[in-house]
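The pyruvic acid (Ser) annotation in Swiss-Prot covers Ser26. Swiss-Prot lists Ser26 with the feature active site, schiff-base intermediate with substrate, giving sequence analysis as the kind of evidence. Under the heading substrate binding site, Swiss-Prot lists Thr58, Gly74, Gly75, Ala76, citing sequence analysis as support. Marked as active site, proton donor by Swiss-Prot: Tyr59.
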Amino acid sequence: MGKIRLMHAKLHRVRVTEANVGYIGSITIDPQLLDRVGILPLEEVDIVNLNNGKRFSTYVFPGEAGTGEVCPNGGAALLCQPGDLLIIYAYEERDRSEVLQQGHHARVIVADENNQIKQFFHQTLIPTEEGKGVSFHSDEIILNGQPKNNPILSEN
């Protein structure tokens, strides 16, 4: 059936804390955010700047844990300024027939003004019984920074 790219991780409305033109490249992100959604260091990400509409791709570099750091570096720093809101997406390539048979899972963080977790979602594609399609489900695990009573919360 062929390969498709599906979003597997998203950091929604994270705020740029610094923009460093002098760095060689990438975007530096608090590793606690990366770990929560499953983005790896050096993984390619697509980024949308909600303040100016600019889009770009780069790779991720882990910053200091717990700081909420989101710092575009190098050329990417010219597309952002401190305070801008970004959406950062990571994709994985999957075989379409595999997704129709096994489903797909993505993790999404919606950040607060300090880049802490305001909301956390697990979004899943669940195969239909016929194996010819999928249904989409979005489960909110954290609301307003507080865990909801949900068994999925224990997953990383």
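Cβ atoms here come from the backbone N, Cα and C positions, even for glycine.
Annotated features taken from Swiss-Prot, shown on the structure.
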| residue | record | Cβ neighbours (10 Å) |
| --- | --- | --- |
| Ser26 | pyruvic acid (Ser) | 20 |
| Thr58 | substrate binding site | 19 |
| Tyr59 | active site, proton donor | 14 |
| Gly74 | substrate binding site | 16 |
| Gly75 | substrate binding site | 11 |
| Ala76 | substrate binding site | 23 |
Open item on the list: Cβ within 8 Å of the substrate site centroid (Thr58, Gly74, Gly75, Ala76 excluded): which residues?
Closed with: Gly25, Ser26, Ile27, Phe56, Pro72, Asn73, Ala77, Leu78, Leu79
Task: Cα-proximity to Tyr59 (active site, proton donor), 10 Å cut-off, over recorded positions Ser26, Gly74, Gly75 - done: Ser26
Open item on the list: Through the lens of DSSP with three states only, how would you label Gly75 (substrate binding site)?
Closed with: helix
